[in-house]
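Worksheet: the structure to be examined is printed underneath.
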């Protein structure tokens with residue numbers, strides 16, 4: 001079976017998409033190539049790194065990346081995680097499916113907000129995996 005590719009996109013590739021990439025690699029495993037990117041790059045938020053560390057997922061080596069058209073066009077599924085990314089997502093080829101999974105932006109908020117959003121993203125990716133079986 002060929003590996004499928006999922007591409008998580010948010011506005012700055014700083015918090016939500018970084019956590020989604022970490023969860024995606026953990027939950028979807030070897031069957032999927034998992035990437036994340038942003039409409040802009042804001043650097044990986046240290047609180048996102050810390051939040052994922054709490055659930056034993058290391059995203060400290062992640063980089064904040066702009067959308068890569070090659071990855072985008074080869075993706076099986078593009079998932080936008082905020083309305084800005086959903087509204088500004090580049091036009092996709094017909095073979096690429098797009099879904100919007102909206103999550104609150106924890107940036108600039110208190111620590112419990114990072115934990116809540118982290119857990120919501122993990123739960124949504126787990127639910128997605130269960131639909132694949």
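Positions of Cβ are set from backbone N, Cα and C atoms, glycine also.
Features as listed in Swiss-Prot:
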ACT_SITE  10  active site, nucleophile
DISULFID  10-82  disulfide bond
ACT_SITE  82  active site, nucleophile
DISULFID  82-89  disulfide bond
ACT_SITE  89  active site, nucleophile
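Overlay of Swiss-Prot annotations on the structure.
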| residue | record | CB count, 10 Å |
| --- | --- | --- |
| 10 | active site, nucleophile | 29 |
| 82 | disulfide bond | 23 |
| 89 | disulfide bond | 18 |
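Between the CA atoms of residue 10 (active site, nucleophile) and residue 89 (disulfide bond) there is a gap of 9 Å. It is 10 Å from the Cα atom of residue 82 (disulfide bond) to that of residue 89 (disulfide bond).
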